[in-house]
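Feature list (source: TrEMBL):
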ACT_SITE  Asp133  active site, charge relay system
ACT_SITE  His206  active site, charge relay system
ACT_SITE  Ser536  active site, charge relay system
COMPBIAS  192-207  compositional bias 'Basic and acidic residues'
DOMAIN    25-100  domain 'Inhibitor I9'
DOMAIN    126-572  domain 'Peptidase S8/S53'
DOMAIN    379-450  domain 'PA'
DOMAIN    651-748  domain 'Subtilisin-like protease fibronectin type-III'
REGION    190-213  region 'Disordered'
SIGNAL    1-19  signal peptide
Amino acid sequence: SSTAIFLLLCLGFCHVSSSSSQQGTYIVHMAKSQMPSTFDLHSNWYDSSLRSVSDSAELLYTYENAIHGFSTRLTQEEADSLMTQPGVISVLPEHRYELHTTRTPLFLGLDEHTADLFPETGTYSDVVVGVLDTGVWPESKSYSDEGFGPIPSTWKGGCEAGTNFTASLCNRKLIGARFFARGYESTMGPIDESKESRSPRDDDGHGTHTSSTAAGSIVEGASLLGYASGTARGMAPRARVAVYKVCWLGGCFSSDILAAIDKAIADNVNVLSMSLGGGMSDYYRDGVAIGAFAAMERGILVSCSAGNAGPSSYSLSNVAPWITTVGAGTLDRDFPALAILGNGKNFTGVSLFKGEALPDKLLPFIYAGNASNATNGNLCMTGTLIPEKVKGKIVMCDRGVNARVQKGEVVKAAGGVGMILANTAANGEELVADAHLLPATTVGEKAGDIIRHYVTTDPNPTASISILGTVVGVKPSPVVAAFSSRGPNSITPNILKPDLIAPGVNILAAWTTAAGPTGLASDSRRVEFNIISGTSMSCPHVSGLAALLKSVHPEWSPAAIRSALMTTAYKTYKDGKPLLDIATGKPSTPFDHGAGHVSPTTATNPGLIYDLTTEDYLGFLCALNYTSSQIRSVSRRNYTCDPSKSYSVADLNYPSFAVNVDGAGAYKYTRTVTSVGGAGTYSVKVTSETTGVKISVEPAVLNFKEANEKKSYTVTFTVDSSKASGSNSFGSIEWSDGKHVVGSPVAISWT
């Protein structure tokens, strides 16, 4: 099965071990700079290390560039013994290698066998994903229209010409491209066309990355500088793409954003993907929320990034209930790079550096704070390093304020030969990989503290950096990204956000050829694909998956599609343990992961859905006590709340539950589920972390006689204990008929 296929980046052989005396092939990573001086050649040292555990084993290969080390055939015991030898970094059993995918589709269970779930023809290729971003690089292979039929007759969009962009650059895949600059130019003055294209062309890369993640065509042999090599494909590779450029060098202005949403609705997109956000304001003041409301009314699912302001609480953006709010998790792929210290200690960080490796020896090492006269010299800001102090040395920089890749650029400009970049408390153990301009590795906070102590106290500190390439099968994965913005929802505490998480760390997708992988002006490298991180990356995963669901269930509303993605999301690993939060190292909560991590293959058949109509959302605005003019701001209509009706946010038919406790008592929530899996009897299972809150569901059994039948239930949260203000407790409500499990997260907050 596809899950049994381990993917790495070479071609090799597969070996299945059934007993400990059997031999297997192992790849041995060695710390090249730790070779004892008694050896002339590394191969002699490798051979000697191998001899220490086995008389008969032979070197299959010695590696000099891809890794430092060798491969050999060993028994499990010999491999374990070799791991204890000096200079040995890792002894990895060889797996079956295939050049296959750039990971995300496979990690999500989407492989070549999903054609049964998502038919390739007909409705599938009629779905259009609209992306509001920095534009598109149309020459990328991710927009190839090979094998695509005619543009859907329902499409009303167009292709706008401008700087370096003609209408003929659109095709049967990239069916729309527009740009919106009036709002921007009215504030910032005319766009400088020598610096950016006044057209849909993407000079930044972000928009090409997000749109190809959502719906890029299949591209074989994709990689960034050899990293993450495989087949790139968007989540919905047969869907059509329409891009709306709303972001410029100086930002994305809401007047332009609203104009773009306006146009996208008229153009007839089916899904809108927006990896942008700004601050937190009431819905009637939030251009994205307002535009999204109109899109929702027209049956368009709107997917937005949750924001990169985590791990602080209350850091979410795009929290309107008619928007699908997406946080970020990791994949099972990593890009390890070792920080090797002169005291014999090694620390694993990450890097996407490609280029000439450091010389094969330990080099002088200095802390940036000791190589600068600036008070924040440790941050490696432009112009703060003293060249005489860093020339020929590896420099340790701390994260914060300026871009990670810029710190490397500053070290290089001052004559440094390498950089060890240390996370601080803000990022903890989260490792985000970058295509640095010099040999560099980013290490977690714990390793950073140890390295900093060494480099500032040792009389003669030395270090080296060893770049190890790509590894997959990393466990545990996913974990919630530290940068992923967190709940509670600061605008409407009784609506749980984010809705779910999707892959957003070290994601490979298409890139512009107008900028290098770091985006720095000094980066002259040009790549077809780039690896970047952010909830900007997780949002288009969900946009593309929504397009897939729309193709299977064209009649489903945006709320139904989101409900299916949420209620089938997973909250535990395969071993049953809860998902972890990289920021704390502890289990993540619904304020971090929402309903859980998206699971597209189960979402096609969720059993039950929580549907919502425009009328329901208008009732929600009444529950917020919005004035008639505020309701009009959001909904573009004159709507009067019924004075005889008592409106409650608790009754919005949302697939999750957030309870804001302001005193002991009973809090009642009503929900209505629609059977989309045909007849069936569903029983409820309730879990709660605390005895201080009793959760009861009435009725506890729902019996459906036919498809599309609706049944309602009430949840009562009885709170008897007064907890400290600011404390939270979590739980879940799950309905199951034995085939489907329809899960909803519960978050209870004392305010």
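Even glycines carry a Cβ here, placed using N, Cα and C.
TrEMBL: automatically predicted annotations, no manual curation.
His206 (active site, charge relay system) has a Cβ environment of 23 other Cβ atoms inside 10 Å. Here the domain 'Subtilisin-like protease fibronectin type-III' (651-748) is broken down by DSSP into helix, strand and coil counts: 1 helix, 62 strand, 35 coil.
In this model, the domain 'Subtilisin-like protease fibronectin type-III' (651-748) carries an average pLDDT of 94.
DSSP assignment over the domain 'PA' (379-450) gives 21 helix, 15 strand, 36 coil. Sorting the region 'Disordered' (190-213) by DSSP state (H, G, I as helix; E, B as strand; all else coil) yields 8 helix, 1 strand, 15 coil.
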